[in-house]
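Novice: The following block contains the structure, expressed as structure tokens.
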């Protein structure tokens, strides 16, 4: 059987027309039942004749992960621990904000891998090691589950407004499945996320950056975290195999849409990369790129050797960047009290469980 969540709309339409010998509008009806109304029970798709429902039941399945736990932070952030069909565990996070009209808007942080191979020394996920890539269906199912949880079924007034690939894993090391997932997210007949509402964050995988530049399916964020190659080699040893200056040159040739900017992410580690000298070096590195910089104070995590920077050092760092003409945003981390903030995603459930899933 075919997992409907794992295929794009053109593939699904072809399946309905060629295999079931039905009209294309039937494909659209089914697709909208799943992706807009979050109906995953085929028998509940009431505008389909019984014959089609029976044929569809024999042809496709809709595999959703199991929700193991949901934790809610004092700031409203929610972290979902999900169990996939093979028992693997991943996390996805819902981050709330309030728009100008006073409505709640959610940014969802998605995982792209089980674990991560990059080994960044400040990241809790890195301690899991790399287990496997997620399929496109496993990526987009995180969104479907979140929409079900939120009762987010009004396409003209969505609650989940933005998607960020900043969860577990390096998205651009899972480029094939990531690209398929982006096409599913984009489908105007379904979730209808435009490129400007999706951000893919990477440690700096050049091949993947070039692919994202060509396909234009999402905005780009670069996890920089260091102002020079030597420092990056220390705190991001595997990512540092891509020379920093070559990486910046790649970004200078990145194809940007109108009003699009590259986002640079810089995690401030107390006493490591947070001096005014680092700020000057950083400004020089990125000054020729159309972008903006997110400053992220480090969130202390169990077992990690780093400290949170002082408020004084944070402000000094930001002041230097502003003086050099770098648009700099001090990002407030949410979900710290449930280990859902930047760098804290890790399936701690494993260590709390007496059973082993592998």
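Going from the start of the chain as shown, residues are counted 1 onward.
Glycine is no exception: its Cβ is also placed from the backbone N, Cα and C atoms.
Features from Swiss-Prot:
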type     : residues                          : note
ACT_SITE : 91                                : active site, proton acceptor
ACT_SITE : 342                               : active site, S-methylcysteine intermediate
BINDING  : 116, 120, 123                     : [4Fe-4S] cluster binding site
BINDING  : 169, 170, 201, 223, 224, 225, 299 : S-adenosyl-L-methionine binding site
DISULFID : 109-342                           : disulfide bond
DOMAIN   : 102-337                           : domain 'Radical SAM core'
Novice: How far apart, in Å, are the two Cα atoms that lie farthest from each other among 169, 170, 201, 223, 224, 225, 299, the residues recorded as binding S-adenosyl-L-methionine?
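Specialist: In whole numbers, the farthest two Cα atoms are 20 Å apart.
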Novice: Relative to the Cα of residue 170 (S-adenosyl-L-methionine binding site), which of the recorded positions 91, 109, 116, 120, 123 has the closest Cα?
Specialist: 116
Novice: Taking each of 116, 123, 223, 224, 225 in turn, which of these binding-site residues have a Cα lying within 10 angstroms of the Cα of residue 109 (disulfide bond)?
Specialist: none
Novice: For residue 201 (S-adenosyl-L-methionine binding site), what is the tally of other C-beta atoms lying within 10 angstroms of its C-beta?
Specialist: 22
Novice: Please report how many Å separate the Cα atom of residue 299 (S-adenosyl-L-methionine binding site) from that of residue 123 ([4Fe-4S] cluster binding site), as a whole number.
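Specialist: So the alpha carbons of residue 299 (S-adenosyl-L-methionine binding site) and residue 123 ([4Fe-4S] cluster binding site) sit roughly 10 Å from each other.
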Novice: Determine the Cβ neighbour count for residue 225 (S-adenosyl-L-methionine binding site): the number of other Cβ atoms within 10 Å of its Cβ.
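Specialist: Residue 225 (S-adenosyl-L-methionine binding site): 27 neighbouring Cβ atoms within 10 Å.
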Novice: About how far apart, in whole Å, are the alpha carbons (Cα) of residue 91 (active site, proton acceptor) and residue 120 ([4Fe-4S] cluster binding site)?
Specialist: 18
Novice: Using C-alpha atoms, which one of the binding-site residues 116, 120, 123 comes nearest to residue 224 (S-adenosyl-L-methionine binding site)?
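Specialist: Comparing Cα positions, the closest of these binding-site residues turns out to be 120.
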Novice: Using DSSP reduced to three states, classify residue 120 ([4Fe-4S] cluster binding site) as helix, strand or coil.
Specialist: coil
Novice: Report, as a single number, how many Cβ atoms besides its own are within 10 Å of the Cβ of residue 91 (active site, proton acceptor).
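Specialist: A 10 Å sphere around the Cβ of residue 91 (active site, proton acceptor) contains 26 other Cβ atoms.
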